[in-house]
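**Student:** So Swiss-Prot has the following annotated:
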ACT_SITE  His5  active site
BINDING   Glu25, Asp27, Asp85  Mg(2+) binding site
ACT_SITE  His41  active site, nucleophile
DISULFID  Cys45-Cys51  disulfide bond
DISULFID  Cys47-Cys190  disulfide bond
CARBOHYD  Asn250  N-linked glycosylation site
Amino acid sequence: WIMGHMVNAIAQIDEFVNLGANSIETDVSFDSSANPEYTYHGVPCDCGRTCTKWEHFNEFLKGLRKATTPGDSKYHEKLVLVVFDLKTGSLYDNQASDAGKKLAKSLLQNYWNNGNNGGRAYIVLSIPNLAHYKLITGFKEALTSEGHPELMDKVGYDFSGNDDIGDVANAYKKAGVTGHVWQSDGITNCLLRGLDRVRKAVANRDSSSGYINKVYYWTVDKRQSTRDALDAGVDGIMTNYPDVIADVLNESAYKAKFRIASYDDNPWETFKN
């Protein structure tokens, strides 16, 4: 999965997919009542990027729905996964469940079109704080009470705080999550980060007792760091330059081993060689 980083304006969906992304990451900010409000990152952000592009969250969802609904004039067949980077740092811990419920209702209405031929992309809820695990239970409760528990088949999870892998496993246990787990590791492109924790995550993914299904590394903009991440065995790379990742995947060393994921590749299944 080539994951376009910080795609917060509707116009950027086309831009990143046209550069080679089959997945995008979108920032979601919340108001003081735990309603998802804007797709917005703000300052500071990655080096070389404009930090202030934004849409109202529900409007972004409508644009995203068009981009992922077969038959729509804006449809992109290869856009198959969306990571919502949930900026829950503005919320109190006891608002996490409400945030999950409100997020689910927004998605149900504006992205899934109330279960009637909505967008088809798989969705990852990426949460920065382990203490906010109830966002997951709230999300699930809302979809169930709205009569669409089947949409949970399209939803996966990530805790993005670079926490100890054992602590992450514990948070999932509390949330009742037993699958659909992506594990991120990374740092802003302005700084360097080694691959030690990525290797631990990959080892967990590949062990019979692990909880992780997929591992992604962020934010990678250079060819050599792309090669290093691929050599470590990641499933996804988040980038500001999807074309760079696509170029490296075309190199002879990687062409035989990796390919770009399509809609038929289940993002919740651990890949077995």
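Glycine is no exception: its Cβ is also placed from the backbone N, Cα and C atoms.
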**Student:** Where the distance is taken from Cα to Cα, which of the recorded positions His5, Glu25, His41, Asp85, Asn250 turns out closest to Cys51 (disulfide bond)?
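**Tutor:** Among His5, Glu25, His41, Asp85, Asn250, His41.
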**Student:** C-alpha of Cys190 (disulfide bond) to C-alpha of His5 (active site): distance in Å?
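**Tutor:** The Cα atom of Cys190 (disulfide bond) is 14 Å away from the Cα atom of His5 (active site).
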**Student:** Using the alpha carbons only, what distance in Å do you get between Asp85 (Mg(2+) binding site) and the residue listed as 'active site, nucleophile' once rounded?
**Tutor:** 9
**Student:** Provide, as an integer number of angstrom, the distance between the C-alpha atoms of the residue listed as 'active site' and Glu25 (Mg(2+) binding site).
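**Tutor:** Spelling it out, the Cα of the residue listed as 'active site' and the Cα of Glu25 (Mg(2+) binding site) are 5 Å apart.
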**Student:** How many whole Å apart are the CA atoms of Cys45 (disulfide bond) and Asp27 (Mg(2+) binding site)?
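**Tutor:** Cys45 (disulfide bond) and Asp27 (Mg(2+) binding site) have their Cα atoms 11 Å apart.
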**Student:** Sorry to bug you, but what's the C-alpha spacing from the residue listed as 'active site, nucleophile' to Cys47 (disulfide bond), rounded to the closest Å?
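**Tutor:** Just about 13 Å between their Cα atoms.
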**Student:** Run through Glu25, Asp27, Asn250 for me and report the recorded positions whose CA is within 10 Å of the CA of His41 (active site, nucleophile), in sequence order.
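**Tutor:** Those close enough are Asp27.
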**Student:** For each of Cys47, Cys51, count the other CB atoms within 10 A of its CB; which of these disulfide-bonded residues has the top count?
**Tutor:** Cys51
**Student:** Three states by DSSP: which one describes the residue listed as 'active site'?
**Tutor:** coil
**Student:** Minimum Cβ neighbour count within 10 Å among the active-site residues His5, His41: which residue?
**Tutor:** His41
